[in-house]
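Here is the structure we will look at, set down as structure tokens.
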Amino acid sequence: MSDGGATNLTQLRLLLERLTPSQVDELLNQLHLNHPELADASEPNRMHIRSYEQQLMRYEPYRIQKLLLLYIPPILIILGTFGNVFSFVILKRKAMLKFSTYYYLMVLAVADTLVLYVGLLRLWIGELTGFDVRDRADWLCKLTNVVGYTVSDFSVWLIIAVTVERYIVVCHPLRASTMCNARRARKVIGGLLCGLLLLNAHFLWTVRIVYFKHAGDTIPQCAGSRRHSRLVEQVWPWLDTVVYSVLPFLIIIVLNALIVRQVIRARRHRIQLRNGSMYEQAQRRPSHEGSTRLTVMLLTITFAFLLTTLPMTVANILAAFWNEYRTDLAAVSRFKLGRTITELLMYVNHSMNFFLYCATGQKFRHQLVWMVCYARRPYSLNLITLSEPTTQPSRFDSVRNNGKSGPSLRRPDLGSELYPCMVKSDMYSSLMAAKRHTPPEMTETPLTEIK
């Protein structure tokens, strides 16, 4: 098609937007034009438009949701991959794995990455090319459904496991040492994964490639088999909503409320004990501050999960009462736009945890700065004190060296903007850190040490 013809079709398409659907169909028939020609001539981004989408492309909400699916997924995939890989590398360090909570978060980074690649990447490629890997073979249809649903549910229930552990540590601290450790964490993670695999294993026999006809075209689609169509299309969406959204919401809201209440009570109790000796307060402060920081970080993660997945839950419930094949195309286009926004917001939840860790986790920031700056220094530079020793008191003044008292390690607050990728230490502390190739030991008392 010539440039002049493409321009005329573009102008015609703008004119069609002002007409009613019946007037549009009548005019196109008189001009012997069809919707694919109009779509190909007017879409500069060359997104793939399926035959059954031609009529919907006349409506602005539907075109907006197509653009969202074209440009937002690659951004989330890049940010999520970067963040989850960094999170995994940092959280697997020995200094982090002293806390069983970080063990859950390390596995969560892997699960979130799988969600982005099995779900969002497949969705984006489909918008670019019209190629959906699920629709190419029965075994791909079954596998992508089993893996996709399992890793999505697994990610959510890992957040619940973290919330339950934090509830035990804050509200039942005497039980934390026996219930919150590496062995228990591995058992919980393995149990969750096996249980969710069994829950979603029904896709191995309930879905297959089904062929639909539309406007003379035969369209393959991964859908419920004729024998199990009612289970897949009517029963399963409700069960999945309960497992992925409703039940996690209730558990997280209740436990977070109990955690916040206990934190407030503990703060009031500490205010009443301010008349205690300075020595007793100094002994309590490191453990309390470490507990509070970790609690704040985990509360932030869980509330972010609620905010990003609640709209999708509402959309799923509405979809159960909505007929996508109704004849009101304007209403269908608006529904598709809302559904796309909530779905992308759900994927935001799987790509933003790294940034939440950096914003609210001081220990995580400490490890990130050390990995990026300190660990890359030459061995000889690690042995040199890079700044003059300070005379200001610091809560990092005492350091344990293999159970013996040693020289002091003075370090500025790692959450401060004044930390220019340098470590303040004396010759002995730097030498020991370089030999171990790990950051100098932190003085924060572990809340739930791995045993």
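Even glycines carry a Cβ here, placed using N, Cα and C.
Note that the structure is a prediction, hence the values are computed from the model and not measured.
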Message = Checking feature assignment: transmembrane segment per TrEMBL, candidates 146-168, 330-352. Which range matches?
response = 146-168
Query = Sequence-remote contacts (6 or more beyond its ends) of the transmembrane segment (68-91), Cβ cut-off under 8 Å?
reply = 45, 47, 97, 102-103, 105-106, 109-110, 112-113, 116-117, 120-121, 123-124, 127-128, 337, 340-341, 344, 347-348, 350-355, 357, 364, 367-368, 371
Query = List, by number or range, the same-chain residues at least 6 past the transmembrane segment (188-211) whose CB is under 8 A from its CB atoms?
reply = 103-104, 107, 135, 137-138, 141-142, 145-146, 149-150, 153-154, 157-158, 161, 218-226, 228, 231-232, 236, 243
Key: Same-chain residues near the transmembrane segment (242-264), Cβ under 8 Å, at least 6 residues beyond its ends   = 152-153, 156-157, 159-160, 163-164, 166-167, 170-171, 199, 292, 295, 299, 302-303, 305-306, 309-310, 312-313, 316
Query = So what's near the transmembrane segment (294-322) in sequence-distant terms, Cβ-Cβ under 8 Å and 6+ beyond its ends?
reply = 99, 101, 156, 159, 162-163, 166, 170, 237-238, 240-241, 244-246, 248-249, 252-253, 256, 259-260, 263, 335, 338-339, 341-343, 345-346, 348-349, 352-353, 356-357, 359-361, 363-364, 447
